[in-house]
Amino acid sequence: AILNCSCGVQELAELLDEEKLSGVPVLIFANKQDLLTAAPASEIAEGLNLHTIRDRMWQIQSCSALTGEGVQAFLDPLWSLTASGHYEL
């Protein structure tokens, strides 16, 4: 899991430092929430140090790609951002 490996934290930090991505919101799927062993979104957020991000909006959404639960709730804000013309996919 990502919480057991600092590589996910390092990769996120590198992305956040990328000048081309300055100010771009961070949207994270906390997938596999249908599994009993899945880390909750709050634990993943803590493991990724999301609470330290101050220069952009961020959101983490619990979901299960298998069941589809939580996926639409995550995509709606994404579509809103792109529809506003601020960001492109």
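Each Cβ is built from the backbone N, Cα and C atoms, and glycine gets one as well.
For Asn31, Lys32, Gln33, Asp34, the entry in TrEMBL reads GTP binding site. Using a 10 Å radius centred on the Cβ of Lys32 (GTP binding site) and all shown protein chains, the other Cβ atoms total 15.
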With a radius of 8 angstroms around the mean position of the C-beta atoms of Asn31, Lys32, Gln33, Asp34, what other residues of the same chain does the GTP site pick up?
Ala30, Leu35, Ala38, Ser62, Cys63, Ser64, Ala65, Leu66
Just to confirm: which same-chain residues, 6+ apart in sequence, have a Cβ under 8 Å from the Cβ of Asn31 (GTP binding site)?
Cys63, Ser64, Ala65
I'd like the number of other C-beta atoms within 10 A of the C-beta of Asp34 (GTP binding site), please.
14
